[in-house]
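Taken from TrEMBL, the feature active site, schiff-base intermediate with substrate covers Lys199, Lys253. Residues or ranges marked as 5-aminolevulinate 1 binding site in TrEMBL: Arg209, Arg221. What TrEMBL lists as Mg(2+) binding site is Glu238. Per TrEMBL, 5-aminolevulinate 2 binding site is recorded for Ser279, Tyr318.
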Amino acid sequence: MSAEFPVARPRRLRRTSALRRMVAGTRLHAADLILPMFVKEGIGEPHPVVSMPGVVQHTRDSLRKAAREAAEAGVGGVILFGIPAVKDARGSAADDPDGILQVALRDVRAEVGDAVVVMADTCLDEFTDHGHCGILTESGDVDNDLTLERYASIAVAQATAGSQMIAPSGMMDGQVGVIRAALDAAGFADLPILAYSAKYASAFYGPFRDAAECAPQFGDRSTHQQDPAGPLEEALREVRLDLAEGADAVMVKPALAYLDVIRRFRDEVDVPVAAYQVSGEYAMIEAAAANGWVDRDRMIMESLVSIKRAGADLILTYWATEVARRL
Ligand code: PBG
């Protein structure tokens, strides 16, 4: 052993919190965070979502208040999910100008103006009585192309109501292209699309289906959402198709179990990459923390930093307002 051994001591830069802060390679900003929120038609009080402690189905009033709080905390955006009072097979409320999501978009835009990016999920599952993301064939499959017509109409309804970004999440083939064409034809050529490009058929969506009341009444979404065991190249194919169809930003969902996909997207594409820290990721940490098994606040920050380090520019998280305040 030489007298100088060891010359290299990586711990030198870890000695003080000031040093660690200065050399941190991964930084979260409030503006990177997007808050998903649920609004339910016709309720008088917010309804707690049991499987997501701290998350509620909002009334129109409580939604406005929560959006204002998010804006004041500096979050980058909010994304709204609507639960209509009446559902049917074609999800008629989804593109009704007076449907809950359109009403909520107008409410929130009136409340926060241009302070945050206001958007809505563009899908059908919250609006259909069968809980699937599209129009069903007689045999109960989701009809891709009939569903596209509905998505185009929903996107235009949301744009008309003031949505500042369209976020199609249904994983129908061709959805970005059809929505782009419909928006352009309706005078919304400048409205960006955030495409859920790699969306996996995931067990991590479990609590969301309580929150949005959209659990499929039969079957599942594995015929159109990606297989978790599918090749990484499949995700790349999806993202290339979405970009070719006109996507302005792309998303990976869920986040923590798919950090490799986030990294590949960040390396391969030249648009912002978003990652959705989904309901099951939220519920896991909240449930373990409620039992006193983990340090809740540190775990939240560590999970978000990991998603950022993997390459996400934007993160959708139910903790957005809380974390934005802490930053
Ligand atoms: C579909 C949609 C889902 C989520 C967001 N958009 C559910 C699904 O595909 O079944 C899940 C979000 C979450 O789990 O937090 N409209």
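Note: Cβ is positioned from N, Cα and C throughout, glycine not excepted.
Structure coloured by features recorded in TrEMBL.
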| residue | record | DSSP (3 states) |
| --- | --- | --- |
| Lys199 | active site, schiff-base intermediate with substrate | strand |
| Arg209 | 5-aminolevulinate 1 binding site | helix |
| Arg221 | 5-aminolevulinate 1 binding site | coil |
| Glu238 | Mg(2+) binding site | helix |
| Lys253 | active site, schiff-base intermediate with substrate | strand |
| Ser279 | 5-aminolevulinate 2 binding site | helix |
| Tyr318 | 5-aminolevulinate 2 binding site | coil |
For this session: Consider the recorded positions Lys199, Arg209, Glu238, Ser279, Tyr318 and say which one has the Cα lying nearest the Cα of Lys253 (active site, schiff-base intermediate with substrate).
Result: Lys199
For this session: Please tell me which one of the recorded positions listed here (Lys199, Arg221, Ser279, Tyr318) sits closest to Glu238 (Mg(2+) binding site), measuring Cα to Cα?
Result: Lys199
Exercise. About how far apart, in whole Å, are the alpha carbons (Cα) of Lys199 (active site, schiff-base intermediate with substrate) and Arg221 (5-aminolevulinate 1 binding site)?
Worked result: 11
Exercise. If one looks at the chain holding Ser279 (5-aminolevulinate 2 binding site), which residues at least 6 apart in sequence have a CB under 8 angstroms from its CB?
Worked result: Ser51, Met52, Phe204, Tyr205, Gly206, Pro207, Phe208, Ala211, Tyr318
Problem set entry | Count of other CB atoms lying within 10 Å of the CB belonging to Lys253 (active site, schiff-base intermediate with substrate) | 25
Exercise. For Glu238 (Mg(2+) binding site), what is the tally of other C-beta atoms lying within 10 angstroms of its C-beta?
Worked result: 23
Exercise. Long-range same-chain neighbours of Arg221 (5-aminolevulinate 1 binding site), Cβ under 8 Å, sequence gap at least 6?
Worked result: His132, Cys133, Met171, Ala201
Exercise. Can you list which of these recorded positions (Lys199, Glu238, Lys253, Tyr318) have a Cβ closer than 6 Å to ligand 1?
Worked result: none
Exercise. Long-range same-chain neighbours of Arg209 (5-aminolevulinate 1 binding site), Cβ under 8 Å, sequence gap at least 6?
Worked result: Gly131, Ala215
For this session: Count the Cβ atoms, other than its own, that fall within 10 Å of the Cβ of Lys199 (active site, schiff-base intermediate with substrate), considering every protein chain shown.
Result: 25
